[in-house]
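For reference, TrEMBL has these:
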{"type": "DOMAIN", "residues": "B:10-407", "note": "domain 'Ammonium transporter AmtB-like'"}
{"type": "TRANSMEM", "residues": "B:6-30", "note": "transmembrane segment"}
{"type": "TRANSMEM", "residues": "B:42-65", "note": "transmembrane segment"}
{"type": "TRANSMEM", "residues": "B:96-115", "note": "transmembrane segment"}
{"type": "TRANSMEM", "residues": "B:122-144", "note": "transmembrane segment"}
{"type": "TRANSMEM", "residues": "B:156-177", "note": "transmembrane segment"}
{"type": "TRANSMEM", "residues": "B:198-215", "note": "transmembrane segment"}
{"type": "TRANSMEM", "residues": "B:227-252", "note": "transmembrane segment"}
{"type": "TRANSMEM", "residues": "B:259-276", "note": "transmembrane segment"}
{"type": "TRANSMEM", "residues": "B:282-300", "note": "transmembrane segment"}
{"type": "TRANSMEM", "residues": "B:312-334", "note": "transmembrane segment"}
{"type": "TRANSMEM", "residues": "B:354-376", "note": "transmembrane segment"}
């Protein structure tokens, strides 16, 4: 048996990763995946030594930026466990708790919204997840549709990929039947303005000098592509992969993918920009990306609305 | 007794109460624009420095302004208490009370520059010194028969005397005190330190707006021809235009219809029209207020870029716009209404009045800044710093300076973190 690292070892690896020189989004996320997978292995071994091996087949999946393989140096943890079997939830909740605490020790802060496998909402059997996701869609409240968006960004890191994939596909059919494209669009309809009336970069607040990349530049791309993926039943989570998967049906995505990839590589290094401190070229590039994100969101909104009517 | 005489006195004592009520506006404006941990301090110090201002005005202020003296200072009527003097259609005591309320406003504006970081003792000492060597001198120059008044300087209700003077002292204070912890980053970029209650700020602005009718319309000193109605009309138009101008500007430039900026725009409109409310036509009042409101956002950004931390934007609202308001006379004063000085540039008066206004602003602003700066510098050295310690600033002035919170249920005193026992 290979001897496992400790959480502290992994914490040091994470520290090295975020203070390191990686400027490539793929490399950055490969490393995050490895560290999280190894953390999961330590947690699993800890629980196995106390409770025995997992009593049923399962999958451990990541959500949020980790699910989309778009983590930066300051991402928290969002994850869940889906398993096949009855009366085994207690075991996986214990595992989920150990993983959450382990990740916290390693340096991924606990999720404020409690989207973690230690929460029974995100640690359920295949049947229960199907039932729950269908319930969210039927309820169609703001929060329940948000929850659906969260699980739709799920990506299996350890275990059986098809458990989660089936949940997503069934949900997409239900959305189609219930004509929810407009509602889902409205659920993420706030697009923060980044370029002003005179073509200037806008800061987050009139009395501060900063602009948070996530909300203003990055979210419009991610939200638009997630919406389209729901419509097209594209089950992959990373935005770039979703775009690749849907390019056949929507050739216009091609140019947006290039823009999004350059955004990802800019974002690996920083979360916030200070427009006053940027060169003319840098400003131009950010403004271009902001406008492209908004444009993509508008185009996708139109597609979603038309999809609703048909 | 003459009915007009009595009505004049009733009107001015009512206006005195309105101007005093403006302190309530400042309490809400300042407390709302700053953080919860300093709210009790900001509210309490305003009431208590009005107390100091009142006693100082009684003891020396009024005499230095209106006493017999020379072109630069008055030197009689100290410890005012004359129940018999009648002057300018008013009982002396009524006139005294009205002037006192103005002096207290100038001091409160100056304290805007102290917000969230000055020691309580700094307020006490500066309140005394400002009330002797800063405000009365400028008030004498323009209103008390001094050299600027003799030049025909137009400042109907005090854009220069009250607002610019207060703002210049605030500028000196904020420069010496330095920015609040957390306002600027190492690279010089700035963070927003949001005020804790925009509703308070808005209510504060509205109270100031109402009180301003005492400030401007009361500066008619009487009821004859009911001219105060015309002054009130111009005041109302400028305040409204100021709010619109500021919101338009901040919306265009920052993409957000920022509430604090809009509120400051209404105040800017009021400050701007203060000098000219009796000398211009209503359309000009709209323009003066609108431009004042638009200036205020630029000015806020300007001071921020210069790393001058002005928590409640006193420098922009009262200083920058006070200058604009004073100069606007030189552009818009009409021949019929210009009872002091000459008509403005747009009414065929040429550049003469504009020049007089510029001289008044330059001389008064410079005097107020330099003298305040020197006083505060000396205090800084003598008191071992005007500013509270870093730890006190972090815990908030409510607890450090007064021993209790303005919001006791929302905040708890910091536990001692010093485990070394030292």
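First residue shown is number 1, and so on along the chain.
Cβ atoms here come from the backbone N, Cα and C positions, even for glycine.
Under 8 Å from some Cβ of the transmembrane segment (B:6-30) lie the Cβ atoms of residues 42-43, 46-47, 50, 89-91, 94-95, 97-98, 100-102, 104-105, 108-109, 112, 115, 200-201, 203-215, 217-218, 221-224, 228, 263, 267, 312, all in the same chain and six or more residues away from its ends.
The recorded stretches the transmembrane segment (B:122-144) and the transmembrane segment (B:282-300) do not share 3+ CB pairs below 8 A when only pairs 6 or more apart in sequence are counted, and are therefore not in contact. When the stretches B:96-115, B:198-215, B:312-334 are ranked by Cβ pairs under 8 Å to the transmembrane segment (B:354-376), first place goes to B:312-334. Counted as Cβ pairs under 8 Å, contacts with the transmembrane segment (B:259-276) are highest for B:227-252 among B:156-177, B:198-215, B:227-252. Within its own chain, the transmembrane segment (B:282-300) has Cβ neighbours under 8 Å at 233-235, 237-250, 253, 261, 264-273, 276, 310, 313, 315-317, 319-321, 324-325, 328, 332, counting only residues six or more beyond its boundaries.
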